[in-house]
Amino acid sequence: MTKQQTSVMRNASIAKEEREGSDNNNVDRSSSDAISDNDAERSNSHSEIDNESNFDMVPYSRFSHKQKMLLVVQCAFTGFFSTVAGSIYYPVLTIIERKFNITEELANVTIVVYFIFQGVAPSIMGGLADTFGRRPIVLWAILAYFCACIGLACAHNYAQILALRCLQAAGISPVIAINSGIMGDVTTKVERGGYVGLVAGFQVVGTAFGALIGAGLSSKWGWRAIFWFLAIGSGICLVFSTLLMPETKRTLVGNGSVTPRSFLNRSLILHVGSVKKTLHLDDPDPETLEPRTSVDFLAPLKILHIREIDILLSIAGLQFSTWTTHQTALTIVLSKKYNLSVAKIGLCFLPAGISTLTSIISAGRYLNWSYRTRKVKYNRWIKEQELQLMEKYKGDKNKVAELIHSNSHYAFNLVEARLHPAFVTLLLSSIGFTAFGWCISVKTPLAAVLCTSAFASLFSNCILTFSTTLIVDLFPSKASTATGCLNLFRCLLSAIFIAALTKMVEKMRYGGVFTFLSAITSSSSLLLFYLLKNGKQLSFDRIRANDKSAGRSVGKNSEKVST
């Protein structure tokens, strides 16, 4: 049987979700962008094929639904240790303050430095993952984190705590950005929102319930127990990742069917018969390999040079930093105003944790539904437009294709599909945070504090799912680098707000602080209207500029289809 015959037979079993929203007679209008002239990640901005490569009869990804779900579990497991390391520390903040005889501001610095390194590291390591592959960078990250946690568990002074918190954050934080890259490697736009939502949802379990875990461990065995817990857990994660995590970077493995050359990128799971059969490792699709790119440490700056991306990152960053400031304030207030024990403080994070988990997973599922619905309507509309143009130009297909390719009016509005519900969620969370601030300021009953915290958390992190999914859509081959920029914004803004929290409370009280933060966040959300109105045109113009600078005719070249 020839390779062509085998390919035809394989395509008879392509999953329905990998065909949904596609139409081989039309051309995609995804607002994807390249961050440099030589980047091969430009999408074919005018192909109706949302989910497959340019090569006929070859699926975009060989990973089955079950294998994608296993990747979700793998990403969530590693991502959990990145998110939990921040929140698990909150219940012992006042204990650290007393243990090392430091001020509240110095205790907050241990959180600030964590966020600084959590923001900076992914911007660097994400670029390495986009070049050398996801697997080796993830393994290095877990190993560095594992060593830092052991050091923290054995620390004897404040300086050691501070330095090792920096290493801990720098080590593990890149996995959040890399996880987005992994999902971009193996999923299509029509299904991506759900998978990204699942990964983000399970990752946020660490943030949502870390304080509860930390309170339970520290109240039973002392503050060092939280770091021993992280060391043991990350050690187990390192073993499983070494054995089971496959490489997904499309420059190295294509659609998953190509065996990577370097042993660092090869997992033992590739030797399992069922995996070899599903991925077609014995009958690969080398044509799906994307061109290799060199390491570009300036890639984040190129992404940050894009106006609409800056707006999106600012909005998401301000929202996340308000949420993390609320967590820090909750810890301090429950300990010093409400005089609760460490164990009870942990329990008080449960309502916000459940709300956060619910919101992120629900947001991902909503994005899938929204994308499919809008894409179906768009498909009908563009077919009608093509028929009208064919009549107008008397059946000149080339003329019609050129007109559609060169006019943004006919482009699918991916920005609107991903961001249209964001304004409502941002507004509701701002109301919740304002109410939370005044509740703790006047010391209302604890139930009111926890209810406002839960309400604000229910809507505050939706923007992370929306923005992460859109960023992966726009930069499928640089997803780790692009998502690292999101981490940079949200973590550095969090560091600034938390560092200033004590001083702001002295001047404005908690009510004034959260009214101020909510006002900034809700004001920034007005920029969403600019994105929703102009995002499609801005992305379209940027693609034209990049194509012209590379000497290509817009939409008429064999560029890679955005996933």
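Positions of Cβ are set from backbone N, Cα and C atoms, glycine also.
The topological domain 'Cytoplasmic' feature in Swiss-Prot is assigned to 1-75 (among others); the stated evidence is sequence analysis.
The annotation region 'Disordered' is assigned in Swiss-Prot to 1-50.
Summarising the annotation, Swiss-Prot assigns compositional bias 'Polar residues' to 1-10.
The compositional bias 'Low complexity' annotation in Swiss-Prot covers 23-33.
Here Swiss-Prot flags 39-49 as compositional bias 'Basic and acidic residues'.
If one looks beyond the transmembrane segment (76-96) by at least 6 residues along the same chain, the residues whose Cβ comes under 8 Å of a Cβ in the stretch are 102, 107-108, 110-111, 114-115, 118, 138, 141-142, 145, 149, 161, 168-169, 172-173, 175-176, 179, 198-199, 202-211, 213-215, 217-218, 223, 226, 229-230, 233-234, 237, 240-241, 324, 327-328, 330-332, 335-336, 342, 345-346, 349. Among the features that Swiss-Prot reports, transmembrane segment is placed at 76-96 (among others).
Swiss-Prot lists 97-108 (among others) with the feature topological domain 'Extracellular', giving sequence analysis as the kind of evidence. Listed by sequence, the residues of this chain that lie at least six past the ends of the topological domain 'Extracellular' (97-108) yet keep a Cβ under 8 A from its Cβ atoms are 157-158, 161, 223, 328, 332, 498-499, 501-502.
The transmembrane segment annotation in Swiss-Prot covers 109-129 (among others). Taking Cβ pairs closer than 8 Å, the transmembrane segment (109-129) reaches residues 82, 85-86, 89, 93, 96, 137-138, 141, 161-162, 165-171, 173-174, 176-178, 181, 249, 295-297, 299-300, 324, 328, 480-485, 487-492, 494-495, 498-499 in its own chain, all 6 or more past its ends.
Annotation source Swiss-Prot lists topological domain 'Cytoplasmic' at 130-135 (among others). Helix first, then strand, then coil: DSSP counts for the topological domain 'Cytoplasmic' (130-135) stand at 5 helix, 0 strand, 1 coil.
Per Swiss-Prot, the feature transmembrane segment maps to 136-156 (among others).
Averaged over the topological domain 'Extracellular' (157-165), the predicted model has a pLDDT of 93. According to Swiss-Prot, the feature topological domain 'Extracellular' maps to 157-165 (among others), an assignment based on sequence analysis.
What Swiss-Prot lists as transmembrane segment is 166-186 (among others).
DSSP labels the residues of the topological domain 'Cytoplasmic' (187-195) in these numbers: 7 helix, 0 strand, 2 coil. The topological domain 'Cytoplasmic' annotation in Swiss-Prot covers 187-195 (among others) and is backed by sequence analysis.
Annotation comment: Swiss-Prot describes 196-216 (among others) as transmembrane segment, evidence class sequence analysis.
Taken from Swiss-Prot, the feature topological domain 'Extracellular' applies to 217-224 (among others).
Marked as transmembrane segment by Swiss-Prot: 225-245 (among others). Panel annotation: around the transmembrane segment (225-245), residues 70, 74, 77-78, 81, 84-85, 88-89, 92, 135, 138-139, 142-143, 145-146, 149-150, 152-153, 172, 213-214, 217-218, 267-269 of the same chain, lying at least six beyond its termini, place a Cβ under 8 Å from a Cβ of the stretch.
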The transmembrane segment (512-532) in contact with the transmembrane segment (297-317), cutoff 8 A, at least 3 CB pairs, sep 6+: yes
The transmembrane segment (482-502) vs the transmembrane segment (297-317): 3 or more CB pairs under 8 Å: yes
Counts by DSSP class (helix H/G/I, strand E/B, coil) across the topological domain 'Extracellular' (503-511): 9 helix, 0 strand, 0 coil
